[in-house]
Amino acid sequence: MRTAILELLKHNAGQYISGEEISRNLNVSRTAVWKHIRALKQSGYDIEAHSRLGYALRQNTDRLLPAEIRAQLTSAVLGQEIHYFCEVDSTNNEAKKLAANGCPEGTIVVAETQVTGRGRLARSWFSPFGKGIWLSVVLRPPFGPMDAAKCTLMAAVGVNRAINAVTGVGCGIKWPNDILWNNRKVVGILTEMSAELDVINYVVIGMGINVSIEHFPSELAPIAASLSVATGRSISRVKLLAAILDELENVYVLVKKSGFAPVLAAWRKESITLGRQVDVRGFDRSFSGVAIDIDADGALLVKTPQGVERVLAGDVSISPVVSK
Ligand code: BTN
């Protein structure tokens with residue numbers, strides 16, 4: 001009944017429909033209508049109630065509500081269990097708690113805003129309300145901990161494909177986990193895991209997608225962008241989120257069937273790092289060189305005057321192309 005009431009409100013989005021009309025249309029009491037409306041409001045739907053006019057669903061609500069996401073999903077595993085928060089400390093923290101308590105593979109956590117969103121290398125992640133997709137996915141991959149880092153590359157390929165399919169924006173992947181448009185970061189990925197020596201308990205892939213942020217804090221303004229600015233039009237977060245889950249599931253299924261080689265090949269094609277002069281800041285050393293490839297472990301291979309260096313972790317910045 002709740003879904004039927006919601007459909008009726010959606011059909012009349014932006015316009016009032018009286019409680020009496022809903023009750024007549026769906027053959028349900030007015031008290032029941034009121035209770036369902038209250039439950040819909042509690043689950044995040046923006047419904048206005050007017051004593052004389054009835055109920056109206058605000059137009060253009062693009063909340064990441066589970067029912068809205070499910071209606072767009074085609075994936076079989078990812079997103080079958082959805083935990084939605086208006087506000088959360090970090091979706092990765094929440095996903096790790098759920099995973100440790102045995103939630104099924106494919107469980108996702110989404111939030112409208114994160115109070116302490118986290119990035120790589122202990123950085124914070126700017127996560128304003130309703131302006132992005134702050135998402136974590138729990139996987140229980142059947143491979144060993146050594147392969148976990150490649151989940152980040154796999155996620156980057158999936159997210160990049162979804163962005164391209166939904167928005168038409170051509171972005172590129174910067175090793176290992178950033179998606180850039182016009183040299184500015186639109187997506188960051190933070191993969192965390194719990195593992196034994198030879199088996200992964202779970203992997204949490206956290207993705208931050210800047211969808212419609214217009215004003216970034218001053219330290220981010222020169223290096224970050226959002227997709228609606230890139231396209232010049234508004235983007236449905238629900239549609240994009242569903243596409244991300246579908247594409248991520250496609251690449252994950254491929255990895256489980258054929259190993260990482262096809263995904264690494266796709267990553268190479270979509271990379272904006274390969275062939276470029278890069279500066280690498282590792283935990284114990286810094287150097288510069290030309291990024292020539294990634295190896296079978298997903299490590300970046302950088303050619304320096306001293307030889308080829310293998311980079312498994314650290315910060316890589318791409319030097320600007322100098323025009324002659
Ligand atoms: C990075 O580029 O440094 C990675 C950023 C990852 C941000 C996402 S937002 C959803 C998830 N929850 C977090 O706290 N972080 C990740």
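For all residues, glycine too, the Cβ spot is worked out from N, Cα and C.
Keep in mind it's a predicted model, so treat the numbers as computed, not measured.
What TrEMBL lists as DNA-binding region is 19-38. Under the heading domain 'BPL/LPL catalytic', TrEMBL lists 77-256. Annotation comment: TrEMBL describes SER90, THR91, ASN92, GLN114, ARG118, GLY119, ARG120, LYS185 as biotin binding site.
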Fewest other Cβ within 10 angstroms of its own Cβ, chosen from the binding-site residues SER90, THR91, ASN92, GLN114: SER90
Which listed residue (ARG118, ARG120, LYS185) has most other Cβ within 10 Å, given these are binding-site residues: ARG118
Helix, strand and coil residues within the DNA-binding region (19-38) as assigned by DSSP: 17 helix, 0 strand, 3 coil
Cβ neighbours within the same chain of GLY119 (biotin binding site) - under 8 Å, at least six residues apart: TRP125, GLY188, LEU190, GLY208
Mean of pLDDT values spanning the DNA-binding region (19-38): 89
Maximum Cα-Cα separation in Å among residues SER90, THR91, ASN92, GLN114, ARG118, GLY119, ARG120, LYS185, which the record lists as binding biotin: 20
